[in-house]
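Database features, via TrEMBL:
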- 1-20: signal peptide (SIGNAL)
- 26-48: region 'Disordered' (REGION)
- 29-38: compositional bias 'Polar residues' (COMPBIAS)
- 58-77: transmembrane segment (TRANSMEM)
- 140-158: transmembrane segment (TRANSMEM)
- 167-186: transmembrane segment (TRANSMEM)
- 206-224: transmembrane segment (TRANSMEM)
- 236-257: transmembrane segment (TRANSMEM)
Amino acid sequence: MLVATLLFTALSWMIPVVRTPIHPRHQHTIPTSPPINQTPSPTPLSFSPLARPQSKRIFHILTTLITLIATLSYFSMATSHAVLYHHTVVHTPVSHAPIRLTHDIYRQVFWAHYVDWALSTPLVLLDLALLAGLSGAHTLLAVVADVVMVLCGLFAALGQHGTGQRWGWFAFACVAFLAVVWQLVVNGRRVAVARGGDAGRFYQALAAYTVVVWLAYPIIWGVVSGSRRLSVDGEVIAYGVLDVLAKVVFGAVLLGAHMVTPELGVEVGGFWANGLNKEGMVRLPEEQENGG
């Protein structure tokens with residue numbers, strides 16, 4: 001499913017769009033529109049992202065990058081190129097003897113998870129921010145809090161077991177996570193409700209889904225890295241399932257809804273689509289209809 005989503009979204013924006021009509025060489029007059037009785041009926045390609053201009057492919061590009069980053073991350077872990085070994089010394093008392101046994105325990109830490117999350121989760125937030133129409137300031141705060149959350153999680157995973165390092169960094173990560181949730185649930189929902197329509201309702205559903213899935217990450221971390229009650233294999237499986245839900249399913253739902261509901265579209269012009277020769281702007285569908 002990951003590969004299918006990646007190929008679909010990549011093709012949706014990599015194929016160039018022809019904006020000028022092509023006519024026969026010897027044709028001298030070009031009608032502005034076909035006669036009413038000759039108007040072509042819409043084809044499946046008309047509703048495909050392949051037919052959209054570059055300025056309207058922001059969701060497809062972001063989803064492509066999200067799945068691409070996740071693919072590279074899991075490839076690096078599968079080939080053992082993104083693994084650290086965290087050393088912990090455990091002292092076990094011996095019954096009926098004044099001695100303690102010392103054990104050196106080395107546990108794998110897949111740091112590629114954290115690189116993946118630091119790069120891909122801000123793109124997920126950008127998807128949601130554009131969908132809701134969130135301001136640039138609130139979007140920046142959400143992205144920065146998200147990166148801080150991931151880095152604190154990495155520092156916690158590498159912290160000394162049985163000390164304040166591990167749970168101290170974990171506490172900072174939880175605070176940053178609450179800041180992200182605040183931007184999505186409070187500020188994002190307020191803007192989406194004001195926008196109304198299908199876009200507002202869809203944002204609320206997708207944001208709620210994202211928050212619920214993301215909430216499982218710190219729970220898994222506490223079981224895996226915090227208390228070490230789950231094996232490394234269980235950790236990989238748990239995070240793999242969550243990543244599929246948070247990225248592949250998220251992207252598939254977003255792009256699927258975007259294809260069938262034009263109201264969800266966002267047009268990003270200016271530098272994004274045309275380079276430096278035009279002024280940058282982000283236009284929502286209702287602004288396009290009003291000519292603003």
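Cβ coordinates are placed from backbone N, Cα and C, and glycine is handled just like the others.
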When you check the transmembrane segment (58-77) against the transmembrane segment (236-257), do you get at least 3 Cβ pairs under 8 Å, counting only pairs 6 or more apart in sequence?
yes
Cβ-Cβ under 8 Å with the transmembrane segment (236-257): same-chain residues at least 6 beyond its ends:
1-2, 5, 8-9, 12, 49, 59-60, 63, 66-67, 70, 74, 77, 110, 113, 116, 120-121, 124, 127, 131, 202, 206, 209-210, 213-214, 216-217, 220, 224, 230, 264
